[in-house]
Amino acid sequence: MSNKIVINGGRKLSGQIKASGAKNAVLPILTATLLAEGNSHIQNVPHLHDVTTMNELLAHMGAELTVGAHSDIFINTNHLHNHTAPYDIVRTMRASILALGPLLARYGQAKVSLPGGCQIGARPVDLHLKGLKAMGADIDVSDGYIHAHCQRLQGARIIMDKVTVTGTENILMAACLARGESLIENAAIEPEVVDLGRYLIAMGAHIEGLGSSKIRIQGVDKLRGVAHHVLPDRIEIGSFLVAAAMTGGNITITHTQPDDLDAVLLKLTEAGAEIRTTEDQIYLDMHEKRPQPVDIRTAPHPAFPTDMQAQFCALNAIADGTSVITETLFENRFMHVDELNRMGANIAVEGNQAIITGVEKLSGAPVTATDLRASASLVIAGLAAQGQTEVHDIHYIDRGYEAIEEKLNQLGARIIRQ
Ligand SMILES: CC(=O)N[C@H]1[C@@H](OP(=O)(O)OP(=O)(O)OC[C@H]2O[C@@H](n3ccc(=O)[nH]c3=O)[C@H](O)[C@@H]2O)O[C@H](CO)[C@@H](O)[C@@H]1O
Ligand SMILES: C=C(OP(=O)(O)O)C(=O)O
């Protein structure tokens, strides 16, 4: 498979594209189908490598999947023959840990490989396990696997030590089929958690407080398969907006939920972009200006998302002045910096901060992607750079961006995969 993207940069992006469904919503929603009796129909499913991996994981357990013709999947999990998420699948996609809560809640047993560390940081799952133990699960970690058993889970009050997105999702899914009431405090309020919660409610779950840090769940005996339309991908949308801003361009993105991007849109405005929104569209015009530098501190929603940090490093790299980006969630999420510097950027990393002195222009260069958002930042930098950029190990980008070359070419970019 081709593993390199070649970009001829320096062209202003302009035009209209449609946002895809969100990776970080569709993955938990696919695991939530493990809770459902009958057929589930998931719509607005993006064509992503992670979705294929999740489908493989569900099929490995015995789920019956039919991929529809309109970005949709029909799933029936009534006849699982095993409850294992093997290492080979989990190591390529951490979201596989989301199978744990649903398997325990519906089948009383799960064997899920420990996700382990990945490039952006250690990413432990201790809080997932602590929450499930509080609900009565018997959990043993050995041979690299989480072995979990329970009779029926019991509702519990769980105060999360840290705000964790997939931790909240795992416990939320488990609590839906537990006996009695659960309360998750210091819960994550990311839009993707809310989308999962809405799906669970449609399935028959009793949940209050979605989108707040206190989620109350009354367990029910059964959940049924239903249809659900996955929410738009705010990180994909944000990435395209940054690309347009860096090239001085103007674009419209349709099928969005603009409110989910408040922190990102504010930073783009601070960088000098004109932003207009309607109920479901976002319009950005940079009026061919060079970006102003913007300081950023990543934090849980509604603050600035860590998944947009690398893209704003690229934007600040060509800004008219100096900026500081502080990464508070993941300890090793500046791997794009060395590669951006190969393109002429002037970025120094000190601890969890990147100090960025804007340069007038980046120049095309061969660079290597190290993770999903690092690869997005390099592609975006390549679009704004003078000359040709080759981004190697580009396969990471397919984890989270549907048809990225097609969408960028539609906006006037010159980008091909080789
Ligand atoms: C599939 C998915 O939705 N991935 C997103 C999810 O990842 P993910 O859910 O893995 O990230 P978390 O929200 O759990 O991580 C937040 C912080 O909590 C720590 N932590 C987390 C769990 C735990 O048991 N113990 C612990 O210490 C993590 O190391 C990190 O420092 O949220 C991240 C933060 O918005 C995003 O970057 C990822 O794109
Ligand atoms: C870190 C990310 O994803 P994951 O949690 O799936 O690795 C991301 O989407 O930027």
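Cβ atoms are placed via backbone N, Cα and C, with glycine included.
According to TrEMBL, the protein has these features:
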type     : residues                                                      : note
DOMAIN   : 8-408                                                         : domain 'Enolpyruvate transferase'
BINDING  : Lys23, Asn24                                                  : phosphoenolpyruvate binding site
BINDING  : Arg94, Arg123, Pro124, Val125, Asp126, Leu127, Asp307, Leu329 : UDP-N-acetyl-alpha-D-glucosamine binding site
MOD_RES  : Cys118                                                        : 2-(S-cysteinyl)pyruvic acid O-phosphothioketal
ACT_SITE : Cys118                                                        : active site, proton donor
Those binding-site residues, out of Lys23, Asn24, Leu329, that come within 10 angstroms of Cys118 (2-(S-cysteinyl)pyruvic acid O-phosphothioketal) at the Cα: none
Cβ-Cβ neighbours of Lys23 (phosphoenolpyruvate binding site) (radius 10 Å): 25
Listed binding-site residues with Cβ under 6 Å from ligand 1, out of Lys23, Asp126, Leu127: Asp126, Leu127
Among the UDP-N-acetyl-alpha-D-glucosamine-binding set Arg94, Arg123, Pro124, Val125, Asp126, Leu127, Asp307, Leu329, as the record gives it, the longest Cα-Cα distance in Å: 22
Candidates near ligand 2 among the binding-site residues Arg123, Pro124, Asp126, Asp307, judged by a Cβ under 6 angstroms: Asp307
Secondary structure of Arg123 (UDP-N-acetyl-alpha-D-glucosamine binding site) (DSSP, helix/strand/coil): coil
Lowest local Cβ density (other Cβ within 10 Å) among recorded positions: Cys118, Val125, Leu127, Leu329: Cys118
Three-class DSSP secondary structure - the residue listed as '2-(S-cysteinyl)pyruvic acid O-phosphothioketal': strand
PLDDT averaged over every residue in the domain 'Enolpyruvate transferase' (8-408): 97
All-chain count of other Cβ atoms within 10 Å of Arg123 (UDP-N-acetyl-alpha-D-glucosamine binding site): 17
Leu127 (UDP-N-acetyl-alpha-D-glucosamine binding site) to Lys23 (phosphoenolpyruvate binding site) - Cα separation in whole Å: 22
Neighbour tally for Asn24 (phosphoenolpyruvate binding site), based on other Cβ positions within 10 Å of its Cβ: 26
Rounded Cα separation (Å) that holds between Val125 (UDP-N-acetyl-alpha-D-glucosamine binding site) and Asn24 (phosphoenolpyruvate binding site): 17
